[in-house]
Amino acid sequence: MTEKDFIPKEYSAVVEEGKVTWQSPSNIALVKYWGKKENQIPANPSISFTLDSCQTTTTLHFQKREKSDSFEFELFFEGERKESFRPKIQKFFERIEEYMPFLKDYSFKIETSNSFPHSSGIASSASGMSALALCLMSLEKKLDPTMPEEYFTRKASFLARLGSGSACRSIEGELVAWGEHNGILGSSDLYGVKYTHQVHENFKNYQDTILMVDKGEKQVSSTLGHDLMNGHPFAEKRFQQAHENLDLLKEVFETGDLSAFIKTVESEALTLHAMMMTSQPYFLLMKPNTLEIINKVFDFRERTGLHLCFTLDAGANVHLLYPEKEKKESLDFIQTELLQYCQNGQYITDKVGKGAKQLA
Ligand code: PMV
């Protein structure tokens with residue numbers, strides 16, 4: 001499919017008013033997306049576990065009005081008016097207008113809330129942008145009731161990508177790939193696709209405990225972060241490495257080799273941070289407690305032979321990934337030895353999830 005396939009022809013129905021609600025999860029990348037081209041096209045392919053309980057719930061109220069030349073929307077976050085979200089949503093609407101030509105025919109009220117604590121440092125753009133994209137797709141489906149299910153899902157991911165790249169991996173579960181890669185069936189730069197190759201049962205219900213090391217505002221915005229890869233001295237090698245790591249993970253998913261999984265996933269996390277440490281300007285996003293946790297995880301593995309591993313986003317918080325069958329020992333260790341490194345002892349237990357849901 002190309003971008004043009006997402007430009008609708010004529011709508012067959014008239015919709016005056018209504019509301020829709022979607023609940024959409026966050027996701028955690030195993031092979032990281034870092035660097036992009038124009039129009040949110042990724043510089044390299046990525047793959048992520050969709051999460052289960054870290055999610056955003058968004059209700060979109062819509063009311064038909066005279067078409068005007070500006071967008072009309074009100075924003076509420078956790079019950080309160082939230083004007084600080086306006087520029088991001090305005091920009092999102094501008095980017096997707098070509099694909100959603102009805103936007104200026106409606107006034108919208110967007111109500112949104114997160115399951116995770118506010119400003120916890122958990123990326124809310126993936127769950128937030130995917131939830132909004134899905135709400136808009138539900139409205140489009142009312143305008144075009146014959147829309148096929150597959151088109152709905154693809155286009156939701158396509159729109160979410162235009163809001164925030166990684167958001168396109170939050171529509172479906174349990175593993176989603178985004179970015180063209182030879183070894184992955186149906187993969188595209190335009191949207192995320194469900195990973196349909198063989199996945200060993202070791203990866204079923206994989207656990208993710210998120211340790212909140214630093215709940216502060218993001219030090220580096222994603223936009224600036226991706227930009228740092230333009231002209232980065234190691235960029236080309238890194239983009240190529242992401243392809244190689246995807247091939248490695250594909251094999252790992254088949255064989256269930258947890259040691260190989262750890263090697264690839266941890267290396268991806270450290271590479272992401274290495275890219276930030278070696279860009280100009282450079283950023284150091286890990287905190288002392290991030291390193292304390294990582295070293296303790298190495299120790300724990302050495303001592304127990306279990307398969308707890310870490311990954312990081314563009315921040316100081318640590319995602320700890322482990323197989324369901326090692327849940328008890330891993331969680332005991334986390335609770336007794338690692339919570340001391342979390343801000344106010346805060347952490348979230350999550351696991352791999354099945355993707356977004358529409359609520360009644
Ligand atoms: O979706 P963005 O533009 O916020 O980028 C997110 C990038 C990482 O979270 C660091 C990696 C990834 O693939 O999710």
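Every residue, even glycine, has its Cβ placed from backbone N, Cα and C.
Owing to the predicted nature of the structure, the values given are computational and were not obtained by experimental measurement.
Record features (TrEMBL):
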type   : residues : note
DOMAIN : 25-180   : domain 'Diphosphomevalonate decarboxylase-like N-terminal'
DOMAIN : 210-340  : domain 'Mvd1 C-terminal'
If you average pLDDT over the domain 'Diphosphomevalonate decarboxylase-like N-terminal' (25-180), what do you get? 95
For the domain 'Mvd1 C-terminal' (210-340), DSSP counts of helix, strand and coil? 81 helix, 11 strand, 39 coil
